[in-house]
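Scroll down for the structure; my scribbles are underneath it.
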């Protein structure tokens, strides 16, 4: 009895990604031991062709972005990666070379981040390709970072640089000029999950999340969870050279940087007494962190001070799919 | 700052499904304790509108089927349910009433099977609705049922009745007449995950899986994993009254029953010395099980003896999406 094409695809492309507990992807489920004294951390994110990535994006970066946006959720909780499950609804007629490239990207990032495929499902769709990934990690119970915990007076910190992903999307769409080094497009296609930073700051910061839907909107989540407001000082926003050059040429891009999404940096609340420790722990994992404002008493609202000190009006709160 | 529609949808429809560990669906990930002495069992399955369910199917049964096909994977491993994550890529313009019905179905089955929503992602797609669910369960390490372990001479058992789902799909498509009670369509739309049976037989049976892609193809998986062949006696197939009536009217339907898929019954290998114990444990959870053949020494092939004893030629091995 010959196996149908679905199983051949799984054997050829996905089985090499499988690791311990996956039962070679040939069973109904994976079976895993969670190390004693640690909690399971689990999240799921979906990506749809034409919505979350561009049809022309290289398949390797699509796979890597799918894995990385999920890893970013682990980073936000202070967790370490354990493994992942993935369901792929592939557009009918997709060339197998696309799948091979997609899987090669996943394989590269599996090595980089130290996790393996545990299971999933592969099917076809008459619509655009739809991908879903469930990420598993573990954390020490006392060191879970959650969104609740920011207090008035706390500093607002972000890792890395803000706005590159949103600018990179416009570069790829042709509405903004590309930087020579290709930094912005790369940041859109290949976010950097801040796993080491999240684990280093776990137990120290009071609240945290990753910035995926835009800095202002996501900071609003920390405000609602903490029962306080927040003020961002736009002059303190950490920008890449490429983003800084575009903003210098067109100051009207500032709201896009603040609300555009696809940053996948960590957004954190910390006691001002811990400033030196936050910076030191970040430096120990090779990361820059910037203080961009503070939490304040009051309603759960985010206001932004423009570089000239005036209040900045923002056209929209962030990205929504509906 | 008003929240965008995506968050309103999540708050209105999904948050009421959330349980312990889900952090109210408002964090980046769920955090869970796996009870000491048990292993995590995890699987993911996707469903696409028009591929895995019919556009006219009631939304409540779509949600319940999505949950149940995943619960069936837990049943196959001998595991007990713990929770689930779900990503929904909803067709643009889908009426909110559809989502409300979908969620009502999930809520009903959460109560029935004792689990809650832990997390996920909601987005929109220009294509057909694409749903993905990751199921979590736990199992005693010594009692995991896997596909590997069948030996020549072992009995082949199936739970419940075979073929109803495949016939039900044809009934809903209008190519077969409906039974008066609506049994076949209901079996297609609402599979019964055999959770109690899987847990009751764990530690006793030698191998097992759930029948989702067709009895013959899935039995082939047990053969390959066990390094043996199998013979099915078609006369021993357990059929519902509705399936039996259709088969009596058209004996040509037998291959469809054997290969059609959507059964979600358990398919098990057990020592013939354990026949009485298998039947007794099944009866104790209110389930009928049937012996439909045996594993044999030889290549990993499945042969079927027709009711008249002659070998039955099957047109195809099972369902594949490619």
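Just so it is clear, glycine is given a Cβ too, placed from its N, Cα and C backbone atoms.
What TrEMBL says about a protein is an automatic prediction, not a curated fact.
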Figure out which of B:73, B:155, B:164, B:262 sits with B:28, B:210 in the Mg(2+) 3 site per TrEMBL. B:73
Measure from the CA atom of residue B:210 (Mg(2+) 3 binding site) to the CA atom of residue B:147 (ATP binding site) and give the result in Å, rounded to a whole number. 10
If you rank the binding-site residues B:52, B:147 by how many other Cβ atoms lie within 10 Å of their Cβ, the lowest count goes to B:52
B:73, B:120, B:262: the binding-site residues whose Cβ falls under 8 Å from a chain A Cβ: B:73, B:120
Under DSSP, is residue B:73 (Mg(2+) 3 binding site) part of a helix or a strand, or is it coil? helix
Can you tell which of B:28, B:45, B:262 has the least company, meaning the fewest other C-beta atoms within 10 angstroms of its C-beta, among these binding-site residues? B:262
With H, G and I counted as helix, E and B as strand and the rest as coil, say where DSSP puts residue B:28 (Mg(2+) 3 binding site). coil
Take every residue in the domain 'PurM-like N-terminal' (B:27-139), average their pLDDT values, and give the whole-number result. 95
Counting across all protein chains present, how many other Cβ atoms fall within 10 Å of the Cβ of residue B:210 (Mg(2+) 3 binding site)? 25
If you measure between the CA atoms of residue B:212 (ATP binding site) and residue B:262 (substrate binding site) and round to the nearest Å, you get 5
